[in-house]
Amino acid sequence: MSLLQFSGLFVVWLLCTLFIATLTWFEFRRMRFNFNVFFSLLFLLTFFFGFPLTSVLVFRFDVGVAPPEILLQALLSAGCFYAVYYVTYKTRLRKRVADVPRRPLFTMNRVETNLTWVILMGIALVSVGIFFMHNGFLLFRLNSYSQIFSSEVSGVALKRFFYFFIPAMLVVYFLRQDSKAWLFFLVSTVAFGLLTYMIVGGTRANIIIAFAIFLFIGIIRGWISLWMLAAAGVLGIVGMFWLALKRYGMNVSGDEAFYTFLYLTRDTFSPWENLALLLQNYDNIDFQGLAPIVRDFYVFIPSWLWPGRPSMVLNSANYFTWEVLNNHSGLAISPTLIGSLVVMGGALFIPLGAIVVGLIIKWFDWLYELGNRETNRYKAAILHSFCFGAIFNMIVLAREGLDSFVSRVVFFIVVFGACLMIAKLLYWLFESAGLIHKRTKSSLRTQVEG
């Protein structure tokens with residue numbers, strides 16, 4: 001890449017970054033937090049944060065990258081995607097009408113809410129316990145990270161339930177919403193994330209997500225400022241780099257350490273070059289249509305229920321890894337959101353996907369506002385826990401693609417909804433057995449005096 005070509009790419013990158021950052025800043029000033037702000041920051045991180053890192057790798061370490069015209073296509077496709085997404089998100093689908101009291105779809109009380117978070121936590125802890133009994137601490141047993149996807153590891157399906165510890169702790173926080181509950185959320189979820197990091201053998205997702213949710217709650221409540229958020233972001237990047245070194249068993253120093261930091265940070269937070277690789281092989285792609293979305297559900301179907309289930313699921317990430325890159329190392333390489341749309345339907349699917357994503361984020365914001373207006377604090381805690389708990393799925397949306405997001409968000413909704421139903425059923429059984437007594441002011445006064 002020549003200096004002139006880099007200058008052209010830099011101008012496009014700067015314009016796109018300023019465009020998205022400006023819109024995000026205005027939205028932040030208006031709302032402080034909503035899921036449009038979160039997705040916009042996530043989109044910036046995924047598709048634009050990596051460009052400076054790539055530039056340093058090219059000019060400092062002479063690393064080979066896709067041709068400049070392909071990198072330009074990747075930057076422009078990301079900028080155009082966001083423009084269509086933003087217009088869709090801001091488009092009002094129906095006229096604003098005065099709030100009319102409606103019969104709520106469901107209600108929650110104190111016992112049901114506490115039962116819900118206990119069940120969610122129980123699912124996570126039991127899954128971790130069973131996985132540990134089968135495999136032990138994989139971080140200290142395996143020689144390479146790719147081995148966690150091999151037949152040596154049993155009970156892999158249980159990992160999908162680990163994440164429900166975070167929604168459980170979110171319910172606990174939203175029931176109190178004070179600084180002590182906020183700090184308890186951080187300590188409990190990060191400790192659980194470190195435990196799963198050692199047991200699973202290097203998966204950092206739970207730690208990243210817990211830390212991100214903690215920061216956004218702090219921003220919403222005004223407990224941390226923007227400069228503190230920036231400092232925490234830098235600390236998070238350094239922390240993820242250190243965990244990556246431990247995961248891959250690397251011991252580096254000097255120039256090698258700087259080089260390793262650049263490419264690991266880029267691959268962890270901003271895999272935008274994967275989109276460029278996909279566009280570089282555009283003519284070799286056999287468009288998959290909506291099949292990757294359907295195929296991604298296969299992993300949630302037990303083999304005993306479907307004996308003939310394909311062992312290798314050809315979703316967009318695996319298609320990109322196996323068919324486009326001809327990489328069979330055992331690791332799936334993230335195609336990114338835009339890359340998954342290209343795999344499914346080419347360039348035409350990029351604006352269509354942007355419209356779909358705009359509607360998805362609009363729905364989450366509607367649900368979040370519903371929780372903000374809710375007068376029943378127990379129901380509000382459940383709604384907020386569901387919304388913030390879905391942040392993991394939004395990260396999957398930006399990094400892995402639309403197909404992975406759809407399967408995971410459906411799984412999340414089903415499990416979360418099942419926990420609600422079980423909690424309500426248990427409450428009904430306890431109430432029928434006379435085990436639940438309503439609190440009265442006189443009983444509370446007696447407890448205080450005693």
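Every residue gets a Cβ built from N, Cα and C, even glycine.
Listed in Swiss-Prot for this protein:
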type	residues	note
TRANSMEM	6-26	transmembrane segment
TRANSMEM	37-57	transmembrane segment
TRANSMEM	63-83	transmembrane segment
TRANSMEM	118-138	transmembrane segment
TRANSMEM	155-175	transmembrane segment
TRANSMEM	181-201	transmembrane segment
TRANSMEM	207-227	transmembrane segment
TRANSMEM	228-248	transmembrane segment
TRANSMEM	341-361	transmembrane segment
TRANSMEM	378-398	transmembrane segment
TRANSMEM	410-430	transmembrane segment
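Sequence-remote contacts of a segment are chain residues at least 6 beyond its ends whose Cβ falls under 8 Å from one of its Cβ atoms, and for the transmembrane segment (155-175) they are 113, 116-118, 120-121, 123-125, 127-128, 130-131, 134-135, 149, 181-182, 184-185, 188-189, 192, 196, 200, 203, 205-206, 209-210, 213, 217, 299-300, 302, 377-378, 380-382, 384-386, 388-389, 392, 411, 415-416, 419. Between the transmembrane segment (118-138) and the transmembrane segment (63-83) there are fewer than 3 Cβ pairs closer than 8 Å, counting only pairs 6 or more residues apart in sequence, which means the two stretches are not in contact. Only pairs six or more apart in sequence are counted, and the transmembrane segment (63-83) with the transmembrane segment (6-26) gives three or more Cβ pairs under 8 Å, enough to call it a contact. The list of residues near the transmembrane segment (410-430) in space but at least 6 beyond its ends in sequence, with Cβ under 8 angstroms from a Cβ of it, reads 106, 109, 111-113, 115-116, 119-120, 123, 160-161, 164, 167, 297, 300, 382, 386, 389-390, 392-393, 436.
Counting Cβ pairs under 8 Å to the transmembrane segment (181-201), the stretch among 37-57, 207-227, 378-398 with the most such contacts is 207-227.
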